[in-house]
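The compositional bias 'Basic residues' annotation in Swiss-Prot covers 7-18, 121-131. According to Swiss-Prot, the feature phosphothreonine maps to Thr52, an assignment based on similarity to another entry. The N6-lactoyllysine annotation in Swiss-Prot covers Lys156. Swiss-Prot lists Glu176 with the feature polyADP-ribosyl glutamic acid. Taken from Swiss-Prot, the feature GTP binding site covers Thr197, Asp307, Arg364, Leu365, Ser366, Phe367, Ser368, His369, Thr370, Glu371, and the record attributes it to experimental evidence. Summarising the annotation, Swiss-Prot assigns phosphoserine to Ser199, Ser291, Ser420. Residues or ranges marked as ATP binding site by Swiss-Prot: Ser199, Glu371, Lys402, Ser420, Tyr421, His422, Val423, Lys424. Positions annotated as phosphotyrosine by Swiss-Prot, on the basis of similarity to another entry: Tyr201. For Glu272, the entry in Swiss-Prot reads 5-glutamyl polyglutamate. What Swiss-Prot lists as motif 'Nuclear localization signal' is 281-291, and the listing cites similarity to another entry. As annotated by Swiss-Prot, 5-glutamyl glutamate applies to Glu302, with the evidence given as experimental evidence. The N6-acetyllysine annotation in Swiss-Prot covers Lys382, Lys402 (among others). According to Swiss-Prot, the N6-methyllysine annotation covers Lys491.
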Amino acid sequence: MEDPRRRTTAPRAKKPSAKRAPTQPSRTRAHAESCGPQRGARSRRAERDGDTTEKPRAPGPRVHPARATELTKDAQPSAMDAAGATARPAVRVPQQQAILDPELPAVREPQPPADPEARKVVRGPSHRRGARSTGQPRAPRGSRKEPDKLKKVLDKLRLKRKDISEAAETVNKVVERLLRRMQKRESEFKGVEQLNTGSYYEHVKISAPNEFDVMFKLEVPRIELQEYYETGAFYLVKFKRIPRGNPLSHFLEGEVLSATKMLSKFRKIIKEEVKEIKDIDVSVEKEKPGSPAVTLLIRNPEEISVDIILALESKGSWPISTKEGLPIQGWLGTKVRTNLRREPFYLVPKNAKDGNSFQGETWRLSFSHTEKYILNNHGIEKTCCESSGAKCCRKECLKLMKYLLEQLKKEFQELDAFCSYHVKTAIFHMWTQDPQDSQWDPRNLSSCFDKLLAFFLECLRTEKLDHYFIPKFNLFSQELIDRKSKEFLSKKIEYERNNGFPIFDKL
């Protein structure tokens, strides 16, 4: 007697009988990009299992599991076997459920998978560099289990417009007053001009508008740079010709312009001018060894920190150490790179470390103005993140990574050597490596953030993070940060990554 279940579905059978045999779960998803499914994976599985998108249209899987063998056996490769072709998907539904639902790995595999390919389903793209060779647990469990958590963190980190305007208004009053008074008084800094830099002006500030960076730039014509011990980043500054009456001659140590002397006088003038400000509660913070900034503390009533950085502006060619830096040709374009390198470069009084002390005559190259341009024009498409263009999650990943490091530093003094510039440098390299806007789709925020974590962990493991503008200057060298600190940070990031970022719950 013909099975009545087969008669009810006979009019819809058009699939070839070659699709009958059930298959094992496909591993094509293991090779998918972390920012979206791989398009080829579905079509290859369809050749063996039938089009999985048709499964919901088939009759409900009412066949008892005990009937699976009987139905498969009854089905014959015949042109009239229409009913058998439609009944068979019900036999395979339990297997397909494990394949199609990435949220149920425990159903498919109660133990950690022995096949290394299978693990890639939850940890990101297989071709990325990262902490894969560290022996640490691999799966970005936080990103996988709580995809909305990162978005909630970003919402809390978003600055309120009211707070921004109030803080910016107060800072601008203080900075403009200092700038005017310095330009009016007869001193070596009469020609200074303002240049806004830092995370606030790059629109990547997090939590609260309580930190600002402002450059007071001073043009110095016809200077000659002497690289300090082949660092590529630190230089001795000399004048090719010192005009008679040049006020900067007061800061010379022989032929070399002393960064320490110049910063000391700059600091003295700012302290004098701050004392004249009566309507705002502002003071000058104690000097920090090796810091190029004069830090102001404004109470508004909340405390606002303002770093005023003296910078020498040179309109000459960029130093030879930067020739291979700024590798944006395949991302923002060769023309943009050429134009950026035609802009002036800057030197700040950040001294090179010499053992346990600092070399007081040295200056360090600064590219804050170029970094600001990149962050505000980060898309391969000119309209990226504009009101009329598609959005990306580049800056969101940067904010999350900055916040993660910031919170870890608050808890562990072993991380004092690390700073947000390390995060910024790492993500510049990631944007260069993955230049397409589609690779930073906001819908894939968790996997994009995990890519950044993996890259940063690999930099810590290999102790190598090249300066984005000066490739031979390694920001993670043993001379700058000891190995123990890098291993400590790596373990803390791995813990957060594999446990759903519990540190974010403290926000």
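Cβ atoms are placed via backbone N, Cα and C, with glycine included.
Everything Swiss-Prot records as a feature, shown here on the structure.
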residue: Lys156; record: N6-lactoyllysine; Cβ neighbours (10 Å): 11
residue: Ser291; record: phosphoserine; Cβ neighbours (10 Å): 17
residue: Glu302; record: 5-glutamyl glutamate; Cβ neighbours (10 Å): 13
residue: Arg364; record: GTP binding site; Cβ neighbours (10 Å): 20
residue: Ser366; record: GTP binding site; Cβ neighbours (10 Å): 22
residue: Ser368; record: GTP binding site; Cβ neighbours (10 Å): 19
residue: Lys382; record: N6-acetyllysine; Cβ neighbours (10 Å): 9
residue: Tyr421; record: ATP binding site; Cβ neighbours (10 Å): 12
residue: His422; record: ATP binding site; Cβ neighbours (10 Å): 21
residue: Lys491; record: N6-methyllysine; Cβ neighbours (10 Å): 14
Whole-number answer please: how many Å between the C-alpha atoms of Ser366 (GTP binding site) and Tyr421 (ATP binding site)?
12
Starting from each candidate's C-beta and looking 10 angstroms out, tell me which of the binding-site residues Lys402, Lys424 has the most other C-beta atoms.
Lys402
Check the DSSP secondary structure of Ser291 (phosphoserine), expressed as helix, strand or coil.
coil
Smallest Cα-Cα separation from Lys382 (N6-acetyllysine) among the recorded positions Lys156, Ser368, Ser420, Tyr421 is shown by Ser368
On the 0 to 100 pLDDT scale, where does the motif 'Nuclear localization signal' (281-291) sit on average?
90
Other CB atoms, at most 10 A from the CB of Glu371 (ATP binding site)
19
Cβ atoms near Ser420 (ATP binding site) (within 10 Å, other residues, all chains)
19
Between Arg364 (GTP binding site) and Lys402 (ATP binding site), find the distance joining the two CA atoms and give it rounded to the nearest Å.
23
Glu272 (5-glutamyl polyglutamate) to Glu176 (polyADP-ribosyl glutamic acid): how many Å between their Cα atoms?
15
Candidate recorded positions Lys156, Glu302, Ser368, Thr370, pick with smallest Cα gap to Ser420 (ATP binding site)
Ser368
At the level of the C-alpha atoms, what whole-angstrom distance separates the residue listed as '5-glutamyl glutamate' and Lys424 (ATP binding site)?
27
Round to the nearest Å and give the CA-to-CA distance linking Thr370 (GTP binding site) with Lys424 (ATP binding site).
13
Test of understanding: give the count of other CB atoms lying within 10 angstroms of the CB of Val423 (ATP binding site).
23
What's the CA to CA span in angstrom from Val423 (ATP binding site) over to Ser368 (GTP binding site)?
14
Under DSSP, is Ser366 (GTP binding site) part of a helix or a strand, or is it coil?
strand
At a 10 Å cut-off from the C-beta of the residue listed as '5-glutamyl polyglutamate', count the other C-beta atoms across all protein chains.
12
